[in-house]
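Just passing along the structure, written as structure tokens.
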């Protein structure tokens with residue numbers, strides 16, 4: 001009888017493990033292969049070799065890149081060097097990147113590890129760049145003032161809060177105010193790995209201002225990219241491991257109400273809102289297994305989606321670019337400027353294409 005009970009327990013454990021492993025593979029889209037979609041006249045951005053996890057294009061074509069991210073469980077081609085913020089002018093015939101010098105003695109440059117970024121332009125045309133930073137595996141938001149003539153960033157402030165333990169991306173709504181996604185509930189790398197493996201869906205979105213901080217949405221399986229509609233009425237949130245983009249209605253008190261959900265056959269990362277049309281441009285990972293378990297012989301592919309009329313009953317979703325990793329590995333972000341598409345990756349290169 002004891003042997004039968006033991007055998008039954010072993011069988012149950014194995015069945016649960018097999019079922020959970022299948023669920024984990026589904027969340028990572030482990031068996032997805034890429035069908036290539038090409039664009040004309042694509043060129044790699046010179047000077048980006050260790051990723052451009054996020055990017056922001058100003059109305060005048062100046063573009064900020066967040067580069068050199070070191071993230072637990074993700075490949076890094078230069079793990080010993082700090083990250084950088086790069087600048088590129090998309091109006092140039094052959095645009096090239098240059099490093100923005102960080103001014104001020106309040107930021108430890110040696111541990112600078114930039115992730116998501118967002119800009120806010122004040123009424124006097126002052127441009128603030130808000131940067132998610134992971135110094136020593138922690139999470140902060142660094143507030144910079146962009147000094148265009150000097151081509152530098154003046155560090156103004158470091159923001160930390162207990163409700164911001166694992167920030168991934170931010171959407172700035174003021175010089176020190178923003179919505180932020182926490183991709184995990186825990187900050188500890190060991191607990192984060194179990195949280196992700198078990199699919200606990202404990203990540204959330206937080207509204208932060210100097211006067212008020214609150215969780216405004218929760219229950220996500222790895223909340224990732226976030227964007228705000230052109231009219232400021234809606235917030236878009238990418239749920240990476242559920243393959244979803246959520247649309248929320250934004251209220252005057254900064255709370256959010258869920259409106260609709262779109263499902264995809266890819267892991268949706270950062271969201272950029274087209275400044276002309278309001279379309280969403282989304283950097284995606286077709287196969288998440290290849291991102292989290294990197295193999296140079298079988299690298300992660302890249303995919304860019306365009307979502308038109310997202311608020312309608314029948315949004316139009318187009319795969320604008322897709323590639324199996326021979327050119328671009330691990331796309332995280334895509335944005336447009338005057339008929340050009342700029343694509344960034346988590347640890348690899350960046351691409352610049354005609355549309």
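Cβ atoms are placed via backbone N, Cα and C, with glycine included.
Pulled from Swiss-Prot, these are the listed features:
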ACT_SITE  115  active site, proton acceptor
BINDING   53, 168, 224, 269, 270  Ca(2+) 1 binding site
BINDING   54, 117, 169  Ca(2+) 2 binding site
DISULFID  42-353  disulfide bond
CARBOHYD  253  N-linked glycosylation site
CARBOHYD  270  N-linked glycosylation site
CARBOHYD  324  N-linked glycosylation site
Under 8 Å Cβ to Cβ from residue 42 (disulfide bond), same chain, six or more residues apart: give me those in sequence order, or none if nothing qualifies.
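Once residues fewer than 6 apart are set aside, residue 42 (disulfide bond) is near 327, 351, 352, 353, 354.
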Given the recorded positions 117, 353, which one has the fewest other C-beta atoms within 10 angstroms of its C-beta?
353
If I take the alpha carbons of residue 324 (N-linked glycosylation site) and residue 269 (Ca(2+) 1 binding site), what is the distance between them in whole Å?
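Here the two Cα atoms lie 17 Å apart.
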For residue 269 (Ca(2+) 1 binding site), which of the recorded positions 115, 117, 169, 253 has the nearest Cα in space?
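It is 169, whose Cα lies nearest.
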I'm trying to understand the geometry here, so how far is the Cα atom of residue 224 (Ca(2+) 1 binding site) from the Cα atom of residue 54 (Ca(2+) 2 binding site), in Å to the nearest whole number?
12
Out of 168, 224, 253, 324, which of the recorded positions has the smallest number of neighbouring Cβ atoms within 10 Å?
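Among the recorded positions 168, 224, 253, 324, the sparsest Cβ neighbourhood within 10 Å belongs to 253.
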Inside 8 A of the center formed by the CB atoms of 54, 117, 169, which other residues of the chain have their CB, for the recorded Ca(2+) 2 site?
53, 55, 56, 66, 115, 116, 118, 131, 132, 170, 225, 270, 333
To the nearest whole angstrom, state the Cα distance for the pair residue 168 (Ca(2+) 1 binding site) and residue 115 (active site, proton acceptor).
7
Among the recorded positions 115, 117, 253, whose Cα is within 10 A of the Cα of residue 53 (Ca(2+) 1 binding site)?
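115, 117, listed in sequence order.
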